[in-house]
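What Swiss-Prot records for 154, 157, 211, 214 is Zn(2+) 1 binding site. Sequence annotations record features per position, and here Swiss-Prot assigns Zn(2+) 2 binding site to 171, 174, 197, 200 based on sequence analysis. Per Swiss-Prot, the feature domain 'J' maps to 5-69; the stated evidence is sequence analysis. The repeat 'CXXCXGXG motif' annotation in Swiss-Prot covers 154-161, 171-178, 197-204, 211-218. The zinc finger annotation in Swiss-Prot covers 141-223.
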């Protein structure tokens, strides 16, 4: 399997740091951007660069790619990341892609591995929440109130799971160990194994009278609200960790974390690539031929731009510092203005005569057979 192709697309070594990968991505992205490079195949190259960076910029995906190639990066060899679910979801209990081996041994030996103290504190599950941002909100940052459901300690029993006035007792069957010994006949002979206690289900505690609110779980679902300060310059797919805002822990363990994933809406005016912003500017062919000073919209407000005479479609001009804020760094990126010359469709008589006079002065025959046409002059 080829697990170096993504590095080759960006032109970096397999041991490159994240800063080196990001720098190379910016360079290659500009090189093949469809608005800046009109060569055949440039758009495909641009997509390949995007695909490579999406994987190599994520440490989990990169590790999977380094080990298994493209199949690993796409999730073909076990879990990683957040999946594609919107809203929120739990993260606990993931076992990767090799659970089958464990299942085989469990069928013989009752679930091997090191024994875990059932009464040990355990951190609660992590949650995920997706925030939709407008284009400008992602550029300048914003505060959002996020409301979601999470598991908190039961307000009635305080997390014990027992009815008020009672308390959990040590399990009578396993003696608080959470495991019981079982003798089994296996293909290897009669063997004594350990398995999870069927009374306390591994907790080591037995609740005689369950709490009427949480029914013995010690947790209850509660609507929870948290303020999220979205930093300026975030992009789709980036995530933010809010410590302690996930589900409640077990046996006094800490709360899990909330991971906020950003989804940025597209702009009907601008395109964005990291801190760089692109704007396609329609321009009359007379302005392009004679040159002009025009107003250009940016996310920071309109600015004036001088267009030199003879400007062609596809020409681009850089407005330094008029891009998006750099999330990891200082200052802003740049805005690139890509010129798109518009040919008039409906002209009045005066306009037609003016163009015919121009054609005559240029020695161009615009009609008739076998003679140069107006646009042949530029071929």
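Here the Cβ of each residue, glycine as well, is placed from N, Cα and C on the backbone.
Against the repeat 'CXXCXGXG motif' (211-218), stretch 154-161 has more CB pairs under 8 A than any other of 154-161, 171-178, 197-204.
Within the chain, the repeat 'CXXCXGXG motif' (154-161) has long-range Cβ neighbours (under 8 A, six or more residues past its boundaries) at 167-168, 207, 210-214, 216-220, 248, 252. The binding-site residues shown are 154, 211, 214; of these, the one with its CA atom nearest the CA of residue 171 (Zn(2+) 2 binding site) is 211. Residues 154, 157, 211, 214 make up the record's Zn(2+) 1 site, and a Cβ search at 8 Å around their centroid adds 155, 156, 158, 159, 160, 161, 162, 210, 212, 213, 215, 216, 217, 218, 219, 220 from the same chain. For the recorded site, residue 174 (Zn(2+) 2 binding site), the DSSP three-state label reads coil. Counting Cβ atoms from all protein chains shown, residue 154 (Zn(2+) 1 binding site) has 22 others lying within 10 Å of its own Cβ. Its own atom aside, the Cβ of residue 214 (Zn(2+) 1 binding site) has 21 Cβ atoms within 10 angstroms in the protein chains shown. Residues belonging to the zinc finger (141-223) score a mean pLDDT of 89 in the model.
On the backbone, the CA of residue 214 (Zn(2+) 1 binding site) and the CA of residue 200 (Zn(2+) 2 binding site) stand 16 Å apart. Its own atom aside, the Cβ of residue 197 (Zn(2+) 2 binding site) has 21 Cβ atoms within 10 angstroms in the protein chains shown. Distance noted between the C-alpha atoms of residue 154 (Zn(2+) 1 binding site) and residue 200 (Zn(2+) 2 binding site) is 19 Å. Only residues 6 or more beyond the boundaries of the repeat 'CXXCXGXG motif' (171-178), in the same chain, are considered here, and those with a CB under 8 A from a CB of the stretch are 116-119, 196-200, 202-206.
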